[in-house]
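So the structure is just underneath, and the comments pick up after that.
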Amino acid sequence: MARQVLVIEDDPDIGRLIKLQLADIGCTVKLAADGLRGFAELEAKPYDLVILDLMLPGIDGLEICRRIRARPAYTPILMLTAKSGELDRVLGLEMGADDYVTKPFSVLELVARVKAIFRRVESLANQSAATGQVIESGALVIDVERREVRLDGRPVELTATEFELLLHFARHPGRVFTRAQLLDQVWGYSHSGYEHTVNSHINRLRAKIETNPNQPEYIQTVWGVGYKFRDVARS
Amino acid sequence: MFRSLYGRLAAVLMGVFVAVGGLMIVASQTMFEPERLQTVLEPNLLLELATYLIVGAVAFSLLAALIVFRFLTRRLRTLCESIEVFRDGGFSAPLQLAGNGGGDEIDMLAAVFAEMSERIVCQLEALAQVDARRRELLANVSHDLRTPLASMQGYLETLLLKDGSLTPEERRSYLQVATRHCERLGKLVRDLFELTRLEAHEIRPQPERFPLAELVQDVAQKFELQARKAGQHLVTEIAPEVPMVLADIGMIERVLENLIENAMRYTPAEGTIRVTLQADGGAAVRLGVSDTGKGIATNELANVFDRYYRVDRGEPGNAAHAGLGLAITRRIVELHAGTIRAESTPGQGTRFVVELPAAPAVSPG
């Protein structure tokens, strides 16, 4: 069944361009020229994704985002805007947007981001249906179902992305991932410009689970290649 | 006391009173001589003598006051004339004022005026330089914005006009050219905004402790395919035990990207781009990115970090590059309390060296 996408964008040319591209990946796209009309459309029928411009006439995109998040049903949101400041990015994501693309954007990147959001939603749905699984490696215990991590019996507080990253590593012990692969497989992005996010998360994760982050035991560096989770069978 | 103007005035007036007093003593002595006493007692002569004394005292006081007044106004007049010369000269040359070395109020006034004029001249010169750079920047930006726009417009119009007569290959090629120029335009706009925001201190680093060695490896990996396609060798040499740095990962990645891209731009096929990382005495880390291009002349080395400065090294593809990358790089390094410098041997290549402070040691566990 075709995925339903609602595009709230006041520039008709951009709206048409998005519609054209998303139609190619099997989406049915509805265009709304302002926030009020967009929100009314969303109330009328369920959508699989909302692509939302930040600068809109009448009510701005952040307010629309807030209203969408206040609804009981979860609808993924991809923010689209000409503002490129870090603050806008943080604001957009903190308001509950699932991703953020700045204008001018490459249509290829936009389509990749949309696909990534669909993949993540599917993966979350599959995970919630999965039976309980516990991964143990040394003093580290990962409870997949409860999304809890313990080190030497003590709980470790991880953010959602840190948990996903650790889980991805732990499910493939000994396998080396490049930074680009991690970005694609954990974050769902396949375009450049965000790779340092991976370094940042590995760094924070090590600070939380490694006894000595300078000589990591769990998430190890394979020089010239990438990163891997410790392989108990080999170590 | 004699250094201040008031002191001198008091001394002069004291002199006047002493002189007048002296005159009166001399006059009274003459008056009371015995042979003159008879005649002095005559009322008319007494009145005459008193009148002479008063007129003499007043004349002497006036003369003294005139001398003091002239002494005062002469130096103030000189100061006024100098200021007028400074104004008439369009504030272009600082005031040349020679004080009398006494350090009184007028000397202080002259010194302050001289300092102010020097400041005005310096600031006007700085403003003129900024204005010249702004014009140059505007001209460069305008050129770099118009060139891709012109290409895009030209190719898209051609597509619309000759749509029926173009082969699919031609159509695709025209669209590829338009897309390439569009990307170039987008990059230029992004770079311009980034540099402007960095210079306006709108972007602040969000520092975290991280191993720079890993980031160097990851960024080099990102460029490996591109280098291979261009027939270049991208080599990384990371020394063991490089300390961690406390920096903004995203910004430092930008530094690495800019330096590697820059090196690749100027390296010919079969050339080598070498990225090195080593500890610099425990307190800092030293990152080096070198190319085997034609190098930069010594007199141009200092300018390579200026925004929009573009060294013509004669390599193809240089014209398409906007010249903002190194300016952004320097700004980021400076925001991290680091240093950046360029070393070059014409004919052999160029090496950029970045030094960043190492993160303070944290005990494990």
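Cβ atoms are placed via backbone N, Cα and C, with glycine included.
Listed in TrEMBL for this protein:
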- A:4-118: domain 'Response regulatory' (DOMAIN)
- A:ASP53: 4-aspartylphosphate (MOD_RES)
- A:132-231: domain 'OmpR/PhoB-type' (DOMAIN)
- A:132-231: DNA-binding region (DNA_BIND)
(message) At a 10 Å cut-off from the C-beta of A:ASP53 (4-aspartylphosphate), count the other C-beta atoms across all protein chains.
(response) 25
(message) If you average per-residue pLDDT over the DNA-binding region (A:132-231), what number do you get?
(response) 88
(request) Determine how many residues of the domain 'Response regulatory' (A:4-118) DSSP places in helix, in strand and in coil. (result) 54 helix, 25 strand, 36 coil
